[in-house]
Amino acid sequence: MENKKSKGILERLNAGEVVVGDGGYVMQLERRGYVKAGHWTPESAVEHPEAVRQLHREFLRAGADVIQTFTFYCSEDKLDISGNVPNITGAQINEAACDLAREVANEGDALVAGCVSKTPCYATSRSETDVKAIFKKQMDDFLKKDIDFLIVEFVDHVEEAVWAVEVLKTSGKPVGATLCISPHGDMEGVPPGECAVRLVRAGADIVGINCHLDPMTCVRTVKLMKEGLEKAGLKAHLMIQPLGFHTPECNLGGYISLPEYPFAMESRAMTRWDVHKYVREAYNAGIRYIGGCCGFEPYHIRAIAEELAAERGFLPAASEKHGPWGAALEMHTKPWVRARARREYWENLLPASGRPTCPSMAAPADNYGK
């Protein structure tokens, strides 16, 4: 499928532009009935392309500048373990996902990012040769489809992420690397700053954080990565695609250690106004690639684009159906609802959970990674 991109990812970031990422796929598609929880594999790119295409389109309409391939956990070893797709190969999924992402990206001015994630092979063998072979196989599928750049994401051991970057860099394409770690560091205790240094020295052009913890926590972690790079005299663009749920526990293992994971996370969901606050904090921290991961729905991505409308110079198409800061509520028949058509109301609202016997925080499982 033809690549109709205008400027590449590094051209945009080098020019100081803000790049809006897309949102979460596996959790959103699980809720819609196209992904099996526990497996979290992306075979619906082949089985139900219309579902993946629709979610891509919703993110594009909401303002996303990048459409990521729906290839999470699409390494052959993960597919084999899941047993969920005996008649579909990883190559088939990767290629179908690339075609879907390109089709939708070409409907706007979006880029396509080919994405790899952590492998079961690393957890079981720690074999650099075997892990790199898995990443290369997936990368080769992406290169057949001429994706615009590559991302390694959702990795909680910096060593594995470094191996991925070293492989992806051989493509000649720009490479982004996002870890799913807390401010405490990766699962081996490597601090965020040192993680960033290792990734950049391996060849990453863009580094940051994705998933596992809430936006403000992820901003804190990216700030630590930035400090580490500055101390080492290194430069890279900064990227953030956090979890769309509140995780004030800030535990090492992130939300998958919470008792609500994965089927009762709704009470922790971010509001669109929470996203506005997150985006401004991220922008002020010098982060210019700003998106979301699990729990980030299209309206959250629209909130990113709306918060950054002045910096980007335009609003997304989805804002045609959304009054800034609730402005459209001025037409409501109820006076108390009309009174909410103002920024001050939404910025200062403390939302109730509606669950009087529920705690505000939980006790995460303490054996993650052990």
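Using the three backbone atoms N, Cα and C, a Cβ is placed for every residue, glycine included.
Residues or ranges marked as domain 'Hcy-binding' by TrEMBL: 7-308.
Counting only residues at least six positions away in the same chain, the Cβ atoms of Glu153, Phe154, Cys180, Gln241, Pro242, Leu243, Gly254, Cys293, Cys294 sit under 8 Å from the Cβ of Cys211 (Zn(2+) binding site). The Zn(2+) binding site annotation in TrEMBL covers Cys211, Cys293, Cys294.
In this model, the domain 'Hcy-binding' (7-308) carries an average pLDDT of 96. Apart from the site residues Cys211, Cys293, Cys294, the chain places the Cβ of Gly24, Met27, Phe154, Cys180, Asn210, His212, Gln241, Pro242, Leu243, Gly244, Gly292, Gly295, Phe296 no farther than 8 Å from the centroid of the site's Cβ atoms, the recorded Zn(2+) location. All protein chains shown were included, and the count of other CB atoms within 10 Å of the CB of Cys294 (Zn(2+) binding site) stands at 29.
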